[in-house]
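Under the heading substrate binding site, TrEMBL lists Lys84, Arg272, Arg273. Taken from TrEMBL, the feature FAD binding site covers Met119, Gln147, Lys171, Gly172, Ala173, Thr210, His211. According to TrEMBL, the domain 'Proline dehydrogenase' annotation covers 28-283.
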Amino acid sequence: MRRSVSGFPLTKKVVRRFVAGEQAQEARNAIERLRDTGLAVTVDHLGEETLDARAAEATARAYITLLEALKPLRLGDRGEVSVKLSAVGQRLDDAMALEHAREICAAAAASGATVTLDMEDHTTVDSTLSILRKLREDHPATGVAIQAYLFRSERDCHDLSSEGSRVRLVKGAYREPASVAHQGRTDVDKAYVRCLRILMAGNGYPMVATHDDRMIAITELLADRFGRTIGDHEFQMLYGIRTDLQEALAGAGHTVRVYVPYGDDWYGYFMRRLAERPANVAFFLRALGGK
Ligand code: FDA
């Protein structure tokens with residue numbers, strides 16, 4: 001599948017709908033365009049689980065180079081990077097992932113940007129939260145994604161709802177067993193609302209990452225109920241998905257942060273975006289067929 005996907009030139013156009021480009025310069029161009037329409041960004045250097053220490057090191061370097069390249073854009077806190085710990089060595093050794101993540105946090109701090117840790121499959125959650133705690137000792141603004149579909153996440157949201165804590169709430173994008181995660185859409189949506197309520201009632205900074213109109217409307221109701229104002233939480237969406245909604249919310253004064261993935265290792269990310277929506281698969285197949 002990977003070979004056939006990479007082989008079709010047209011496929012690249014399809015991939016480009018969700019991925020800003022393969023090079024840092026292309027990411028930078030996309031970020032400038034988003035900035036000019038009033039959107040904040042979080043940039044993901046694409047890449048997932050590695051068992052190779054040199055690849056982990058190379059990913060950390062790529063983030064540091066990217067952060068350098070973004071400095072002239074003066075994004076301040078409207079600039080952020082998103083890091084998958086598995087790409088910087090988490091599967092090999094927690095200490096290695098922590099060290100690389102620390103270097104990335106330091107580079108981000110030097111350009112006024114923040115870092116959020118993506119959340120991957122459920123076997124990584126304890127390790128990711130433990131690394132987060134250590135990173136926050138020096139870089140308290142470091143955020144983390146919490147996946148509402150996991151049974152444990154309400155408890156994690158409680159633990160992370162104190163002042164200064166930045167939590168990106170997502171529904172969850174990995175195929176997880178029924179022993180650890182809600183399976184049906186309705187159950188996942190209900191769990192999302194329960195987690196959202198905990199974060200909005202707390203003292204942290206909720207980052208509401210969804211394209212779901214109902215979740216966005218519920219966020220606004222909860223903001224009213226808990227006396228939150230427009231600047232103390234934000235919305236996040238993925239590059240290329242519901243751009244009309246991204247711009248409308250930003251136009252209404254909300255902080256809207258767009259998750260901008262770039263790099264040549266786009267396969268896993270792209271496949272998750274296809275899996276989320278049957279219409280995307282149809283779009284992809286039409287592109288393969290040249291229609
Ligand atoms: P849902 O899937 O119900 O979609 C609601 C509506 O949004 C759809 O009806 C459609 O209109 C639109 N939509 C959603 N997905 C689409 C797609 N692929 N193509 C086109 N339209 C689409 N997950 C994770 O496990 N770990 C993580 O760290 C992150 N990080 C992350 C960051 C950000 C900024 C976002 C927005 C999302 C993530 N995710 C994630 C992914 C997340 O878990 C989830 O899979 C997607 O956001 C889709 O869920 P929605 O909340 O949008 O709802």
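Note that Cβ sites are derived from N, Cα and C of the backbone, with glycine treated the same way.
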Taking the center of the Cβ atoms of Lys84, Arg272, Arg273 at the recorded substrate site, which other residues in this chain have a Cβ no more than 8 Å from that point?
Ala173, Pro261, Gly268, Tyr269, Phe270, Met271
Sequence gap of 6 or more, C-beta under 8 Å: which same-chain residues meet both conditions with respect to His211 (FAD binding site)?
Met237, Leu238, Ile241, Arg242, Leu245
What's the CA-CA gap between Ala173 (FAD binding site) and Arg272 (substrate binding site) in angstrom, rounded?
7
Mind running the binding-site residues Lys84, Met119, Gly172, Arg272 against ligand 1 and keeping the ones whose CB falls under 6 Å of it?
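If the test is a Cβ under 6 Å from any atom of ligand 1, the answer is Met119, Gly172.
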Please find which two of Lys84, Arg272, Arg273 have the most distant C-alpha atoms, given that the record lists them as binding substrate, and give only that distance in angstrom, rounded to a whole number.
17
Helix, strand or coil by DSSP: which one applies to Gln147 (FAD binding site)?
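DSSP assigns Gln147 (FAD binding site) to strand.
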List, in sequence order, those binding-site residues among Met119, Gln147, Gly172, Thr210 whose Cα sits within 10 Å of the Cα of Lys84 (substrate binding site).
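The binding-site residues close to Lys84 (substrate binding site) (Cα within 10 Å), listed in sequence order, are Met119.
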For the binding-site residues Met119, Ala173, which Cβ has the most other Cβ atoms within 10 Å, all shown protein chains included?
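Of the binding-site residues Met119, Ala173, the highest Cβ count within 10 Å belongs to Met119.
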Which has the fewest other Cβ atoms within 10 Å: Lys84, Lys171, Arg272, Arg273, the binding-site residues listed?
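Selected from the binding-site residues Lys84, Lys171, Arg272, Arg273 on minimum Cβ neighbours within 10 Å: Arg272.
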Taking only the residues in the domain 'Proline dehydrogenase' (28-283), give me the average pLDDT of this model.
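Mean model confidence (pLDDT) across the domain 'Proline dehydrogenase' (28-283) is 96.
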Taking the Cβ of Gly172 (FAD binding site) as the reference point, list residues of the same chain whose Cβ is under 8 angstroms away and which are at least six residues distant in sequence.
Met119, Gln147, Ala148, Tyr149, Leu150, Ala181, Val188
Could you check what DSSP calls Arg273 (substrate binding site) once collapsed to helix, strand or coil?
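SS state of Arg273 (substrate binding site) = helix.
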Tally every other Cβ atom lying within 10 Å of the Cβ atom of Thr210 (FAD binding site).
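Thr210 (FAD binding site): 22 neighbouring Cβ atoms within 10 Å.
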